[in-house]
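Enquirer: Below: one structure in structure tokens.
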């Protein structure tokens with residue numbers, strides 16, 4: 001599994017990113033802009049809650065009948081001259097794609113943005129096979145040029161970089177001579193990429209939605225790079241998660257409308273591309289050969305469980321853009337290509353609790369993510385369910401938490417210990433108290449009091465106050 005992007009543990013990653021003041025400022029600013037645009041776009045559409053309910057209904061229906069629609073998709077792709085491969089694991093998907101590359105004697109591959117190819121670590125496999133792989137999405141291209149810096153956001157992978165940093169990367173790696181103006185940076189990237197499109201042997205894309213009734217794939221972009229990736233190379237390979245499918249064009253229209261408004265606050269992105277198999281005889285562009293790789297990689301294990309709603313995700317990152325935890329720690333702290341609330345739910349399911357057991361706790365459970373989700377995934381409830389699984393089934397609760405709960409249980413079950421504790425606590429905590437607040441808690445309380453106010457216990461216990469008033473004191 002190549003979802004993991006950093007070998008450091010969760011607490012080390014968080015500590016590093018909490019001190020990255022630029023990153024935190026960039027994330028906060030981006031969240032504000034994207035959230036505001038989303039609200040404006042939703043209001044303009046009208047009946048937003050009805051649209052959300054329809055999106056949820058479409059995704060739930062598709063998942064409940066996923067085997068049927070995948071078979072229909074496969075048959076229709078084959079009817080139109082395409083090749084379909086169902087990959088149960090990342091290794092199977094990578095091996096199939098590598099074999100196609102070897103068969104075609106391909107040396108250069110251009111790619112449009114694809115989270116699932118990041119998930120299976122496809123680029124590294126193809127580079128090991130002797131291929132040059134070029135990312136053509138501008139954000140992904142910037143990260144690739146910058147020594148394969150991992151993405152920090154599902155929609156805007158280079159969110160953690162500013163224009164000055166990008167300018168410096170381009171100057172160091174690409175011989176860039178101009179300023180940090182975004183227009184000049186984009187034009188330079190365009191100039192560098194144009195040659196790559198024209199000389200590529202294979203184009204690889206992701207898939208926003210596959211359409212079962214026609215065997216088509218839908219690509220949603222703002223840069224037009226996916227059109228060039230699919231139009232110019234002779235061979236096209238599309239890689240999709242098995243859940244990224246809709247029954248018909250009608251459902252696709254609904255989900256695209258929800259996606260573009262939720263992701264970037266637009267009615268539609270600049271390009272909505274629908275492709276159906278290889279080129280027909282007489283066509284002047286498009287691939288001569290088309291391969292569709294449908295990736296499971298743990299998704300089938302989620303079907304039929306309490307976590308199935310996470311597969312409704314349309315990768316809009318609306319949940320990321322409202323998350324207060326993501327706002328402070330950024331995407332790299334999650335240690336996964338999937339960050340934010342959706343990453344905190346999905347990463348343990350696909351990558352396992354050993355690597356991602358901390359992520360469900362990286363949430364205030366404020367439910368802002370659930371309210372923002374255009375297909376109504378109950379993200380905060382799924383995070384809570386993860387915590388339950390970690391504690392009850394995996395036995396992953398921290399030792400400090402186990403000891404604290406045992407101590408509380410012991411004290412709460414004994415009236416003598418409870419009374420003693422309530423008497424002793426104010427005096428015992430006096431060394432840590434400042435202005436009626438515990439400013440530096442002992443032991444496990446330290447992590448809490450570093451970032452939150454913790455009121456000191458009152459010196460007068462309620463039971464003493466109550467007893468005094470029962471004697472006929474103040475009424």
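Along the chain as shown, residues are numbered 1 onward.
A Cβ is built for glycine as well, from the same backbone N, Cα and C atoms used for every other residue.
Take a look at what Swiss-Prot says about it:
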DOMAIN    304-334  domain '4Fe-4S ferredoxin-type 1'
BINDING   313, 316, 319, 373  [4Fe-4S] cluster 1 binding site
BINDING   323, 366, 369  [4Fe-4S] cluster 2 binding site
DOMAIN    353-382  domain '4Fe-4S ferredoxin-type 2'
Enquirer: Where among the binding-site residues 313, 319, 323, 369 do you find the Cβ with the fewest other Cβ atoms within 10 Å?
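Expert: Checked 313, 319, 323, 369; of these binding-site residues, fewest Cβ neighbours within 10 Å: 313.
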Enquirer: What average pLDDT does the predicted model assign to the domain '4Fe-4S ferredoxin-type 2' (353-382)?
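Expert: For the domain '4Fe-4S ferredoxin-type 2' (353-382), the model's average pLDDT rounds to 96.
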Enquirer: Whole-number answer please: how many Å between the C-alpha atoms of residue 316 ([4Fe-4S] cluster 1 binding site) and residue 366 ([4Fe-4S] cluster 2 binding site)?
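Expert: Between the Cα atoms of residue 316 ([4Fe-4S] cluster 1 binding site) and residue 366 ([4Fe-4S] cluster 2 binding site), the distance comes to 19 Å.
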Enquirer: What is the number of residues in the domain '4Fe-4S ferredoxin-type 1' (304-334) that are helix, strand and coil, as DSSP sees it?
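Expert: Counts, helix then strand then coil: 17 helix, 0 strand, 14 coil.
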Enquirer: Do any residues at least six apart in sequence from residue 366 ([4Fe-4S] cluster 2 binding site), in the same chain, have a Cβ closer than 8 Å to its Cβ, and if so which, in order?
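Expert: Result: 324, 380.
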Enquirer: Using DSSP, what is the helix/strand/coil residue split across the domain '4Fe-4S ferredoxin-type 2' (353-382)?
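Expert: Per-class counts: 16 helix, 0 strand, 14 coil.
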Enquirer: What is the total of other Cβ atoms whose distance to the Cβ of residue 316 ([4Fe-4S] cluster 1 binding site) is within 10 Å?
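Expert: 26, counting other Cβ atoms within 10 Å of residue 316 ([4Fe-4S] cluster 1 binding site).
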Enquirer: In whole Å, note down how far the CA of residue 323 ([4Fe-4S] cluster 2 binding site) lies from the CA of residue 313 ([4Fe-4S] cluster 1 binding site).
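Expert: Cα of residue 313 ([4Fe-4S] cluster 1 binding site) to Cα of residue 323 ([4Fe-4S] cluster 2 binding site) measures 16 Å after rounding.
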